[in-house]
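Student: A single structure is presented below for examination.
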Amino acid sequence: MIYFELSPSHIYFSVWFSVLPRQRKRLKVRKRSLFPGEQKNEPIIAAPGRDVLLPCRLDSEVDLQDHTVEWTKLEMDPDPIKRAFVYFYQNRKTMTKVMLETFIQRVSLNPDGLKRGDVTLKIRNVTLQDEGMYRCYIHELDHRETVHLVVGKNKPIIAAPGDDVILPCRLDSEEDLQDQTVEWSKLDLEHDPLSFVCYCIGGEIITEVMMETFIQRVSLNPDGLKRGDVTLKIRNVTLQDEGKYSCFIPGKKFRETVQTFVLNSSQEMMSSLCFRAKRSQKQNNIWISRSRLGLWIVLGVFTLLILSAVCICQWRPQKVSPEFSDLSSFWRNLQLLTSFFSS
């Protein structure tokens, strides 16, 4: 993740314009850019507690069992001595001594995948702290891939074009964040250090590093900043605003994500029609089931009556009326009655 910090004096716009070019250079230096030829995969979205797979594979099935494979988290600079990795594979074994303790018991590669050029990393029981950009690197082949892991706990926000939406982001404690840096970014966009949805330093929104489409439409609650709440309000949302948003407070190493869905009128109508159709079909199925149940009950009772009549005919033939003397008439009547109820 990209971030920078300024002294309190820089929050005034008169000073900000004089230092902006220098700050932009700092931003570009600290940006985690892709290496030439590096492949960037689609973001992986998971809920806390789930297992995830971070893909990394060669185009050809090359045996990588004797190669060196490392997985790093780009937001964490490796220790120059310990070289703290998310995962490190060398000499056909996992090198836990150079790995971050939080990952040692939760990460693994597929041994069969190594034989086929696949070094996809599995992370078990992901946490909110696991979210971020990961890089896979195969030393001998100079092969790199990156993948963005998004771990969210907030429910999706659903809105229609023109609505105002609230994207929640708050600390567990009511901590004053007025002097902190707050970043809001859209994860499904190519990350540009000068293209934030909202960028706030010391309670002031810095529009020079924000996307133009959001500058006039976003805001934070000043009172919320005093209570650890950096919830973002977006006014007059559009279909293009749909996507995954990330809230990041670098000074607290705190991050949250929230998904926003913007439905147009045709999508809402289609959803409503599908819901009504399913409900109608369910009701029809219930009616048919009840009708069939009634039919079987009537047929069962009628069959018992006929059998009773047959027994009476056999034991007391002198009292049976002439129209029931022929058993074939009973079966004809039964067939007619069955066809009537079936129709």
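Backbone N, Cα and C define each Cβ position, glycine as well.
A quick note: this is a predicted structure, and the numbers were derived from the prediction, not measured.
Dumping what TrEMBL says about this protein:
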type: DOMAIN; residues: 36-138; note: domain 'Ig-like'
type: DOMAIN; residues: 145-259; note: domain 'Ig-like'
type: TRANSMEM; residues: 293-315; note: transmembrane segment
Student: Can you tell me how the residues of the domain 'Ig-like' (36-138) break down into helix, strand and coil by DSSP?
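Tutor: Computed counts for the domain 'Ig-like' (36-138) are 14 helix, 36 strand, 53 coil.
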Student: Looking only at the domain 'Ig-like' (36-138), what is the mean pLDDT?
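Tutor: Over the domain 'Ig-like' (36-138), the predicted model scores a mean pLDDT of 87.
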Student: Which numbers of helix, strand and coil residues does DSSP report for the domain 'Ig-like' (145-259)?
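Tutor: Taking each residue of the domain 'Ig-like' (145-259) in turn, the totals are 17 helix, 48 strand, 50 coil.
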